[in-house]
Amino acid sequence: MGRVEDRGTTEELQDWDPGTSALPAPGIKQGPRKQTGTGPLSQKCWEPEPDAPSQPGPALWSRGRARTQALAGGSSLQQLDPENTGFIGADTFAGLVHSHELPLDPAKLDMLVALAQSNEQGQVCYQELVDLISSKRSSSFKRAIANGQRALPRDGLLDEPGLGVYKRFVRYVAYEILPCEVDRRWYFYRHRSCPPPVFMASVTLAQIIVFLCYGARLNKWVLQTYHPEYMKSPLVYHPGHRARAWRFLTYMFMHVGLEQLGFNALLQLMIGVPLEMVHGLLRISLLYLAGVLAGSLTVSITDMRAPVVGGSGGVYALCSAHLANVVMNWAGMRCPYKLLRMVLALVCMSSEVGRAVWLRFSPPLPASGPQPSFMAHLAGAVVGVSMGLTILRSYEERLRDQCGWWVVLLAYGTFLLFAVFWNVFAYDLLGAHIPPPP
């Protein structure tokens, strides 16, 4: 990354359109720019809203302030803002950028200039400068850029030349997952390959290893659940073993056969890995495991005699969340052939559910007991549309600061509590006939 001090003069920076990635050519004066949408920044420095606090932690803020003062040549806020308004003038900011040798991320420079131009007086909020240097962004800052109508051009990243294979893949992921160009650009410049998206890859690898082990042991690769030894696995959820709580999660490593494993592994790698690259391990693992747990608990309530195998609850949570996010942001999504891909995904998911229903009620071969239930698929889809959509729509924003997240979390917690009481008391009270576990 080059130094921003070589990118033009102060006058050129003030005339620079942040919708491009470079300054105007030297000596070329752009015409006057129409001020569009001053928004709430026209009078004073924005203040964080109650539901979207922007103050970073003390250590992060201190590092950002130190880097900001380094950019300012050691100047304090009092020197940069002698009238104590909370703002830094655009000319002062431009002078800092061009007079100091500290490299600055072009994406951050884009957004700072966009923020300055969204203000009537062309000022930069000092706190926003500190937050941005600290790689801290809030929903208020995102809205500030939107209010100023300074979003980057829709084809900004697509036209960026000279990218390597990995950066092209990162750009593809940005356009596949994120509906907003500002978010795409922010993610593209901030993305780091470490830590890699290990969760979905590890889960998929573990499922493949477990399947190969049982396939070799049983000498059976399709419809493994029809083998009398299959249900003796300590990983399978069976209503007769519901007291062993780990089975409500570990069933995700077992699969009916090669076709179910292939379908789940393909979706986990094609959809789960890009989602994890953008939203991080914590959020995607939470969504996936919430779908898995909801799947087994739903089966224990609605299909009380059936076992459960396969990771379809988590897979459908990821897929339904992604598809719902695409539908909700249809105009902003720029992934190629999105309509065709949406139709294909829905067809594949529907066919998988139909196959599970057929195996549950009309098994092709006589079996010693009930076949695995299909209710985990539907439960995972519900979790994805509710909890997953909330997670995917809050890129780079704290979940705990959003009212919708707490509503969804409360609903999920209520369901878990109800399911626990159901599994403890309902089977005996209803006199449910459960086939003896193998």
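Glycine is no exception: its Cβ is also placed from the backbone N, Cα and C atoms.
The compositional bias 'Basic and acidic residues' feature in TrEMBL is assigned to 1-10.
Summarising the annotation, TrEMBL assigns region 'Disordered' to 1-62.
The annotation transmembrane segment is assigned in TrEMBL to 198-217 (among others).
Per TrEMBL, domain 'Peptidase S54 rhomboid' is recorded for 244-393. In the predicted model, residues of the domain 'Peptidase S54 rhomboid' (244-393) average a pLDDT of 90.
Residues annotated as transmembrane segment in TrEMBL: 248-269 (among others). Counting only same-chain residues 6+ beyond the ends of the transmembrane segment (248-269), those with a CB under 8 A from a CB of the stretch are 200-201, 203-204, 206-208, 210-211, 214-215, 221-225, 233-237, 242, 289, 292-293, 296-297, 300, 307-315, 318-319, 348, 352, 359, 372.
Residues annotated as transmembrane segment in TrEMBL: 281-301 (among others).
Sequence annotations record features per position, and here TrEMBL assigns transmembrane segment to 313-332 (among others). Counting only same-chain residues 6+ beyond the ends of the transmembrane segment (313-332), those with a CB under 8 A from a CB of the stretch are 177, 179-181, 203, 252, 263-264, 267-268, 271-272, 275, 284, 287-296, 338, 342, 345-346, 349, 376-385, 387-389, 391-393.
Marked as transmembrane segment by TrEMBL: 339-361 (among others).
Listed as Cβ neighbours of the transmembrane segment (373-392) (distance under 8 Å, sequence separation of 6 or more from its ends, same chain) are residues 177, 275, 279, 283, 286-287, 290-292, 294-299, 302-303, 306-308, 310, 312-322, 324-325, 328, 349, 352-353, 356-357, 359-360, 399, 402, 404-405, 408-409, 411-412. For 373-392 (among others), the entry in TrEMBL reads transmembrane segment.
As annotated by TrEMBL, transmembrane segment applies to 404-425 (among others).
Secondary structure counts, DSSP: the domain 'Peptidase S54 rhomboid' (244-393) has 110 helix, 1 strand, 39 coil.
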